[in-house]
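One structure is given below, encoded as structure tokens.
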Amino acid sequence: MDSCASLIAEHPHRLPPLQAASSRRRTLAVGLIGPGRVGSVLLNQLRHAQERLARETGLELKLRGVAASRRMWLDCDDPDLNARHDGAQTWRPTDLDEFAAYIRGEDRHHAMLIDCSANDAVASHYAEWLASGLHVVTPNKLASSGPLSRWQAIRAASNHGGRFRYEATVCAGLPVVQTLRDLLDTGDQLLSVEGMFSGTLAWLCCQYDGKRSFSSLVREAHALGYTEPDPRDDLSGIDVARKLVILAREAGWPLSLQDVAVKSLVPAELASLSREAFMERLEDMDVPMAGWLAKAQTEQGVLRHVASLDREGHAKVQLHVLPAAHPFAHTRLTDNIVQFRTQRYRDNPLLVQGPGAGPEVTAAGAFADLLRIAESLEVRA
Ligand SMILES: NC(=O)c1ccc[n+]([C@@H]2O[C@H](COP(=O)([O-])OP(=O)(O)OC[C@H]3O[C@@H](n4cnc5c(N)ncnc54)[C@H](O)[C@@H]3O)[C@@H](O)[C@H]2O)c1
Ligand SMILES: N[C@@H](CCO)C(=O)O
């Protein structure tokens, strides 16, 4: 039986692939940096998809290494090893240059690094990795929203070297960056963006009704994997400001973090503590947040964390009390909303809406980036 016939026999309700997998055989070596909440879920997703991708699409994924902050594991091609990299024998102290060289191997155009850390030093390597031909995929926002000169160097390197994709940096698995890219590439012009860009704050605003303290909800959001490694990045609005900067730069506007007017929810006395000390003093946020809730109840409105950006460079991030009839009032759980107003969508904006945080959806966003890059790889003879 040929491969199409056997596929139909195994899965009678599925259509066969458009092109036989055997005619599209490609190999991609993958190294994952940052096996934390998102990174370890992504490793699982990749491992579970390996066989199906090879069979249905001809893509052979080789999971060659995992690097954490202190240790890295090489030779991770064995699925069992990936599942329990903590117990692997082939670890050594992390050295990102050595890691990149190992993943690149002999075939730099068929190798990719996926950065699932939240680390600026890792982001500082992207330009050099891309220039060497490695592809880079990441949910880490620090490169795309960090210093403009570094961002420009990364873009320049990706124009001539490996490909760079970062869809999961804005609203996790939602197609936000690609939607904007498609609008711009087809000749549309961005006028403004408005919406709710924080899954954590969306979830907190929906859950917080006074029955439980705000601090206990923040702890739960952290345990669910919605928050940044340091939840102050969410509560201060800086994480949302980063997303605005990423979208602005995608549109060609040279915005930087200091251009965004952000109203933080973190009391000043908690802002400079260590992350551990902050988590111990989370209860200090309960009184000011109870004040916000009382205001919303008095005005018969709802709390919503809203951000906006326009082409004049005005960018704002803050908590609001919105009327109960406002379109942003009817979201659930971690729902994000991104409203693009463009020349084509001037009177009725284009909306992207759905869950905007959590390891599963974020990892899937990075995985989809990997697949888009894999589509462009040269087919093996
Ligand atoms: N959690 C979400 O919903 C979500 C959504 C979108 C984007 N993101 C982004 O995904 C990234 C990961 O988030 P997370 O929640 O998994 O964080 P996490 O803290 O659980 O994991 C981060 C991992 O990176 C590792 N790390 C730190 N510095 C490193 C270094 N120098 N070299 C190698 N590894 C290093 C840490 O050891 C940890 O394992 C962050 O950049 C975050 O902004 C997360
Ligand atoms: N901590 C972020 C993850 C998605 O970027 C949020 O809550 O939106």
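Note that Cβ sites are derived from N, Cα and C of the backbone, with glycine treated the same way.
Note that the structure is a prediction, hence the values are computed from the model and not measured.
According to TrEMBL, the domain 'Aspartate/homoserine dehydrogenase NAD-binding' annotation covers 34-166.
Long-range C-beta contacts of V38 (NADP(+) binding site), restricted to its own chain and to partners at least six residues apart, with a cutoff below 8 Å, comprise C116, P139, A168, G225, P359, T362, A363, A366. Look at V38 (NADP(+) binding site): DSSP puts it in a helix. Annotated NADP(+) binding site per TrEMBL: G34, P35, G36, R37, V38, G39, in sequence order.
Its Cβ placed at the centre, K141 (NADPH binding site) has 23 other Cβ atoms within 10 Å. Positions annotated as NADPH binding site by TrEMBL: K141.
Among the features that TrEMBL reports, domain 'Homoserine dehydrogenase catalytic' is placed at 175-371.
The secondary structure of E228 (L-homoserine binding site), as reduced to three states from DSSP, is coil rather than helix or strand. E228 (L-homoserine binding site) has a Cβ environment of 19 other Cβ atoms inside 10 Å. Residues or ranges marked as L-homoserine binding site by TrEMBL: E228.
Mapped onto three states, the DSSP output places K243 (active site, proton donor) in helix. If you look up TrEMBL, you'll see K243 marked as active site, proton donor.
Proximity to K243 (active site, proton donor), judged by a C-alpha distance within 10 Å, picks out K141 from the binding-site residues G34, P35, R37, G39, K141, E228. The local packing around P35 (NADP(+) binding site), expressed as other Cβ atoms within 10 Å of its Cβ over all shown chains, amounts to 22.
The Cβ of R37 has fewer other Cβ atoms within 10 Å than any other of the recorded positions R37, K243. Mean predicted confidence for the domain 'Homoserine dehydrogenase catalytic' (175-371): the pLDDT average there is 98.
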